[in-house]
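Colleague: The structure's right below; bear with me while I get my questions together.
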Amino acid sequence: MSVLKRYDLEKLAVATVASHTALQILRGAKKYGFRTIAIAGRADVAEFYQQFNFIDEVWTVDFRNFVKAAEKLVEANAVFIPHGSYVEYVGWRQALEAPVPTLGCRELIKWEADQYKKMELLQRGGIPTSRVYKTPEEVDRPVIVKLFGAKGGRGYFLARDREELRRRLAGLSDYIIQEYVFGVPAYYHYFSSPVYGRVEVFGADIRYESNVDGRTFGWVEPTFVVVGNLPLVLRESLLPTIWKYGVQFAKAVEEVVGCRLAGPYCLESIIRDDMSISVFEFSGRIVAGTNIYMGYGSPYSVLYFDRPMDMGERIAHEIREAARRGRLEDLFT
């Protein structure tokens with residue numbers, strides 16, 4: 001990326017939107033000696049982030065004109081770390097236009113905004129997925145309906161049969177109908193490292209969702225709004241398969257999307273009682289589930305580095321090593 005060639009590598013700054021995983025990202029960046037910038041969309045949000053001494057600057061900007069803020073980030077010698085709030089609040093169009101060097105495959109942000117393209121990419125990678133129905137007439141079992149975008153489960157709903165599905169789809173647009181797979185949820189955290197030439201299984205979590213995980217006693221319809229995350233240590237016999245799916249996904253991104261995957265990403269799945277895995281979604285950037293081991297380090301990071309490391313630190317470590325080796329352009333698009 002030509003912008004990086006003009007940067008002073010001794011004065012790199014790391015920036016991200018003040019939400020989602022910003023605390024983890026910026027804490028890790030500061031630990032590795034980078035200047036840090038949090039970008040808030042509201043004054044009250046900015047006030048919260050200003051209290052942390054590992055954040056050097058907090059900007060308040062209008063996300064509707066993020067490209068202008070990105071130009072200032074270039075002037076500040078900053079690289080940008082995308083996450084779910086960036087995808088949702090700024091949007092893929094501005095994400096593609098923003099001139100600031102962005103970690104990972106920038107084009108993947110556009111794919112992430114379309115549920116059908118997400119499933120296509122998983123399938124192209126040879127990863128087992130839940131069945132997708134194009135119309136209610138095809139439905140012959142319970143399904144879950146998901147809205148497009150990184151909405152943290154908001155608006156998702158279950159339908160037990162096609163009649164219920166038709167009724168609840170009235171007035172909706174931009175959604176996908178998926179088979180509801182029975183089992184337990186598991187969300188796998190990966191890191192694709194151009195510096196070390198490998199895909200790392202970094203951790204896993206379970207989402208804590210309102211109100212499906214609450215005390216509803218059957219009185220209300222289940223909803224799936226993510227309010228937090230719970231830690232998960234996977235059965236070791238599952239790890240080879242989970243790692244393989246992560247590798248296959250990284251290869252699919254490079255072959256289908258046309259850019260190399262670099263940095264954190266996530267495959268979201270159900271594990272059945274026969275230990276088979278059905279992947280129903282991906283996130284092509286850091287996920288909020290990595291916050292469960294912020295400051296402590298993930299259970300698998302010690303396997304790669306012989307010391308605990310959280311995902312924010314892992315990102316900063318990769319940036320530092322790439323800068324030392326003259327390979328920042330392998331990380332940023």
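Any Cβ shown, glycine's included, is placed from N, Cα and C.
Swiss-Prot lists these features:
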DOMAIN    106-313  domain 'ATP-grasp'
BINDING   136-187, Glu209  ATP binding site
BINDING   Glu268, Glu281  Mg(2+) binding site
Colleague: In whole Å, how far is Glu281 (Mg(2+) binding site) from Gln178 (ATP binding site) when you measure between their Cα atoms?
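Modeller: Gln178 (ATP binding site) and Glu281 (Mg(2+) binding site) have their Cα atoms 10 Å apart.
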Colleague: Secondary structure at Pro136 (ATP binding site) (DSSP, helix/strand/coil)?
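Modeller: In the DSSP reduction, Pro136 (ATP binding site) maps to helix.
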Colleague: Could you state the whole-number distance in Å separating the C-alpha atoms of Glu268 (Mg(2+) binding site) and Gly171 (ATP binding site)?
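Modeller: If we compare the Cα positions of Glu268 (Mg(2+) binding site) and Gly171 (ATP binding site), the gap is 28 Å.
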Colleague: What three-state secondary structure does DSSP assign to Pro185 (ATP binding site)?
Modeller: strand
Colleague: Hey, how far is Pro136 (ATP binding site) from Glu281 (Mg(2+) binding site), Cα to Cα, in Å?
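Modeller: The Cα atom of Pro136 (ATP binding site) is 20 Å away from the Cα atom of Glu281 (Mg(2+) binding site).
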Colleague: Using a 10 angstroms cut-off on Cβ to Cβ distances, just flag whichever of Glu164, Gly171, Pro185, Glu268 is the loneliest among these binding-site residues.
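Modeller: Ranked by other Cβ atoms within 10 Å, the binding-site residues Glu164, Gly171, Pro185, Glu268 bottom out at Gly171.
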Colleague: Taking the Cβ of Pro136 (ATP binding site) as the centre, how many other Cβ atoms fall within a 10 Å radius?
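Modeller: Here the count is 19.
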Colleague: When DSSP states are folded down to helix, strand and coil, where does Glu164 (ATP binding site) land?
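Modeller: Reduced to three states, the DSSP call for Glu164 (ATP binding site) is helix.
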